[in-house]
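Taken from TrEMBL, the feature domain 'Fibronectin type-III' covers 335-428, 433-528, 622-733. If you look up TrEMBL, you'll see 956-977 marked as region 'Disordered'. The annotation signal peptide is assigned in TrEMBL to 1-27. Here TrEMBL flags 737-758 as transmembrane segment.
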């Protein structure tokens, strides 16, 4: 036994020594350092391609080896990448490996070296790394060309969100180079004096034609050149979504999917992604020509199970998705067809349709949808070949849309598309009575009833309403009734009824028949019941109304109101057991007042007014301010009034008024409080809580002071609009006293003037009567001159007296004529003589006719009656009988002068003034043609002049060539006629 142990120990030691020796021999005999290393570049993919061999491998022996590769940039000490590459190696085999550089290869020199180690289970351990191969240098800059500025990489393709490094190479270090990405300058890291690199992180997709990057070299302000590249950024390839396959005829599988974003780029840099179908059970593959669907032909080998893989691929990435299914479970039927309707009436119809045949004993599950009047009804039915379904409980005169779809009843996969048709049911008589209400205005002797009704809904009209029948029946005289037909779409009519009770029936009619009647009764008693109006507050939801129940039996209540601004009567019916309701409608507007009336309907269908309510759905601030008048202005107070301001037309219930007052003293008077206006100014404020109080006395003011006021109403929503203040200045105290004195005096003066004006005619006739106006004498119209009908009365300045009649007196009074000193005795003037002062002609027979009358205003001794006669003067009168004056003006002056001189010679009480008329000749308008021998004249028809002369004036003797006028002196005892 001991010998065996010794032998075993010796065997193991010998074996160990042998293996150690073998390892050392192999290590010495097999130097495994990689040799023949060659490096090439690929500028398009920016990659280094390495190839090498390993010598001293056993002949026909394959060993698994690991190679460690080291890559440096710019300098060998600047290692940028280290990695291992594991692969089986055969004798004399050339190995290949590629590395893609982040930095474009043109921008820096790269160095590569490699070492290896055996990693084979058959090779005795331990394993040792071989020596490094020598550095292999790779430089592309020498092949760039003769330019001075280069930008890399050229036309690089990357995915959106990738990190990209670009660089430029400038052969002139004196140039200043700036680089820009889509016009925005970027900054990089200088690798050496000639090269600068830029790291772009998460590059975005900007456009299909790429992203523009360029660099510009310059010295000072002089550009030395521009170089650029296009960086193509692709959308990320997405995995296909909703991949599905189905069959409609068990001959073709139709596969569809959602491709997602298209990754195609411009300039043919990258086409759209491609799609390939691969079926694993059959091993077949098909390249799809469409990007979202593909057809697969089903073979006749009765394959039921399919396992499809859909592969999406572009230049940068590959995606795939797969499905497994049973063909009989993926049946998508073709759409039903030939949908029709039979035996359609007002409430029923039969729907029929057809389906495409599949296999024998194939069962279809069909679903029917019926749409009409905002409703949808659904029915399910199973069929084998063709379908039929009975539609019932339809609405008359209603358009319906019916449609059907089907699916496999055994293995439901999905419904077909809808196939449908429209149809309309026939009309039927209206099924409900119209909703009727009335408005009654009572007048003496009759009622004016306005009848309203609401149009029937389409559900109850059962067709087009053509007209409404209104039957008015006199309940006091049942034999009397009246029928009116109101064409649709009218919804009201006006009736004038006497003071009897009437029953009114309203029916709606279409082409089939009439609706049930709606009945309302108008009582003979006038509807003038006084009901107190109650204010209510509305909300956004409307008006909440409540009322006391009507004593006795009622069949319901009616609430009516008017919608503004149309003022259309609206009403709502409420049941008999309800005493409250909410009136809500979109027609309610803020700031509009609504009046509600609540009626109770008796069993006899007579309406009785119960309550009145008024309110606003939302109160607003007053829309305008009152027009304020200032009254009773004194030195210490004034009164503000706005009596004409209407509170009913405001957009809210007026609760009162705010009176704002400003003064220079800035101190508030009693009852006023300080307030701040919206503009920040301070004033005094007085609040009036009674909306009917429309006046305010502002007192305790200072004389000769300046005040401003402003009055605005307010509601629960706020005050009225802002407005300008009105200015008032109080007078001083003395001016008010002066006004109190002057006003009565002015009033008295005005009163006296008015009285004098009204009594002016009486005063004039009493104090100084008017001189008779010859223009207004009626005698002028009595005589018409044939030869000269257009004679006019002369002006005073043109008047020439034509005769003076001297009447002798018993006393021997002297009369001085025409300014002469000669006198005539009274005996010489016993008879009246005519003294002609107008020019005369020798051959003329006498003077023209004259008219004289006496004016009692100037003739103080006039007799009660008399006449003025004319005594002809002989043609050859003595000179002492006539006086001559050269002109009419001299005659007037002489008369006036001698009249004044003769006043002293005539005794008191003896003086008499006679009114003498100037004569107008009817023969001619020329005064030279007057006759020298006058005859007894007829009454004159016209006046020329009137004058008053004193009696007993002597006339100077005329000459032959004198132009004389006749002046007649009348005796006081004589009178005119």
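Cβ coordinates are placed from backbone N, Cα and C, and glycine is handled just like the others.
Curation plays no part in TrEMBL annotations; they are all automatic predictions.
Quick caveat, the model's predicted, so the values are computed rather than measured.
For the domain 'Fibronectin type-III' (622-733), the model gives a mean pLDDT of 89.
The helix, strand and coil residue counts that DSSP assigns across the domain 'Fibronectin type-III' (335-428) are 0 helix, 52 strand, 42 coil. DSSP states for the domain 'Fibronectin type-III' (622-733), grouped as helix (H, G, I), strand (E, B) and coil, give 1 helix, 46 strand, 65 coil. DSSP places the residues of the domain 'Fibronectin type-III' (433-528) in helix, strand and coil in these numbers: 4 helix, 52 strand, 40 coil.
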